[in-house]
Every structure is written in structure tokens, then in C-alpha cells.
Amino acid sequence: MNEEEHNKSVHWSIVYRQLGNLLEQYEVEIARLKSQLVLEKKLRIQVEKELESVKTKQISSSASSKVSSNTIQELDSTTDEDEIPGSDTVDEEDPSLNAPFSEKNQSVKIPPHSPTLPVQNASAFVKPISVPLGNVKEEKFLDTNPIGAESFESSDGEMHLRARSPEDMILLRETQPLAPLDINTLGVSDNRQKKGTEKKRPFEPEFLNDDVIRGNKRKALPAYECPDCQKFYELHGPVKESSVAPTWNDENRLGGGSLPNCKHQPLVQKVGRHRKLNIPKPIPNGFWESDFVD
């Protein structure tokens, strides 16, 4: 068994040699295929050139055949026009054509005229000419206006303006354009309010300090001291609880007595203390000073 396995095994040098031979064969085959590709490309270029030359020849031959056919048709038409019956008689010169103008006028006799009546014996020298209606061509009247060529290209607005008087034309051209302007091209928005389309919005206060909060909610608000109110209190001094500002009313005037103390008077001592949801900004220094500058 060992001898059989030894015989089946192949040395690595033999395998290496076989692989080298295969690689050489592949390289030779690749070189052969590349040479075939080069030859095929050359043949393809030659065939394309031959096809282009054949196409140009066909185009030139077709153009020459068309030109020759047109010339033949023109020659046929000219020969048909020359072979008109009675053309030999036309070539003969008419002796009356070469006659002078005075001799031609002598053959025409002018009938006598009367001062009040129309021409007499007009049928003697005027021959009625009968022309078939089919041969008469109706000619359209041409526009004698110097701007007639431009009138076909003008707009409807300009045609309406031309029908007006010159004075109206001047006023219209000075006050308004020839055509209405488009608002979208001017970049101006249409600010006209549409009635009934806008819904009524709920009222929203413009200022933050307009809200009024009372009761227990007011106690929960943050307290702050206003320096301006405190300064006002210091300048005017505290108001005594026992004293009340005199008021000139009917009771004082008649009875001469003094009014009882007001229950809101102790609150004056707490001036400068505030409670608000949104604390306002402080007033700048010197805002309330009204002294005249020297």
C-alpha cells in the first residue's frame, strides 16, 4: 500500500513545470487574439470608407439625374410653346404697324359735337367690346394710408384709438397706456380687503402690564420694588395716619368738622411695592426731570 501511494504522489517540481508551460501557452494565445483584433479593426475601417464613398457617389448621381430631368422638362415646355398653331402668320410683318401716327389718325373720323347735347352718332365709331365675366379679375383696393403696412400688425387697442379724433388721441396717450398693465409684472401686492373673508380674531392685549390679577392669585405673583415710586415717597414724606388732607366739600363748609380717616390710608405707606406677572423695565435716569437748561 505504501508503494502504491508513493507512486501516485507527484513531486512539486513537476507541477511547477507544468504550470509554467500552461502559462506560456496562454500568453501565446493572447498575443494571437490581439493580432486578430488589430486586423479586424483595420478591415472595418476600410469597409466604412468604401461605404461612405459609395453613398457620396449615389447622392451625386441622384442629384445629376434630377437636374437632367428638370432641363428635359424645360426644353419640352419651350418646344410646346413655340409650336403654336398660326405662329407662322404672326412672324409676317403687318404694314399698318409701321405706318406713321398721323396716317393712323386720318382713318378715325371725329363726329360733330353740339354745345348742349352729348356726342352724336357715337355708334358709328365706337364698337361695343364684349368681355366674358370669367376673364375679369377683381382687384382689391390697396391701402393708401402711409402706415398701412403697420396697421396689419397693430393690436386691437391701437385700431380703436385710430378711430378717435387727434385731440382725444393726445389726451389718451398722455394719461393712460395703450394696454392695461398686469399687476403681477409690477411686483405690487393687491392690498384690497375682501369683505366677509377675514374672521374676527380674539382680543389680544398689546402691552404686557395691562393684565389685572386680584385675590389669592395676586399673592402668588412675584413682588418687586419700583425705585421711582420709592423716590416719590421719600420726596413727599410719609402721610400720618391721624391727619387727613382737607377737602372743600359741603360738609366742611357747613359743619366745619373733619372727615373720618380713610381705610385706604395705611396702604399709602406701602408705596413702591408691586406685584405683577411681568415686571416692567425701569425708567431711565433723568426721565422725569423738567428743569430748564441754562
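Cβ coordinates are placed from backbone N, Cα and C, and glycine is handled just like the others.
The region 'Disordered' annotation in Swiss-Prot covers 54-108.
Taken through DSSP, the compositional bias 'Low complexity' (56-69) splits into 14 helix, 0 strand, 0 coil. For 56-69, the entry in Swiss-Prot reads compositional bias 'Low complexity'.
What Swiss-Prot records for Ser77 (among others) is phosphoserine.
Taken from Swiss-Prot, the feature compositional bias 'Acidic residues' covers 77-95.
Annotation source Swiss-Prot lists phosphothreonine at Thr78 (among others).
Swiss-Prot lists Thr79 (among others) with the feature phosphothreonine, giving experimental evidence as the kind of evidence.
Annotated phosphoserine per Swiss-Prot: Ser87 (among others), in sequence order.
Summarising the annotation, Swiss-Prot assigns phosphothreonine to Thr89 (among others).
According to Swiss-Prot, the phosphoserine annotation covers Ser114 (among others).
Residues annotated as phosphoserine in Swiss-Prot: Ser151 (among others).
What Swiss-Prot lists as phosphoserine is Ser154 (among others).
Summarising the annotation, Swiss-Prot assigns phosphoserine to Ser155 (among others) and lists experimental evidence as the type of evidence.
Annotation source Swiss-Prot lists phosphoserine at Ser165 (among others).
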**Message:** At a C-beta cut-off of under 8 Å, are there same-chain residues at least 6 beyond the compositional bias 'Low complexity' (56-69) that contact it? List them, or none.
**Reply:** none
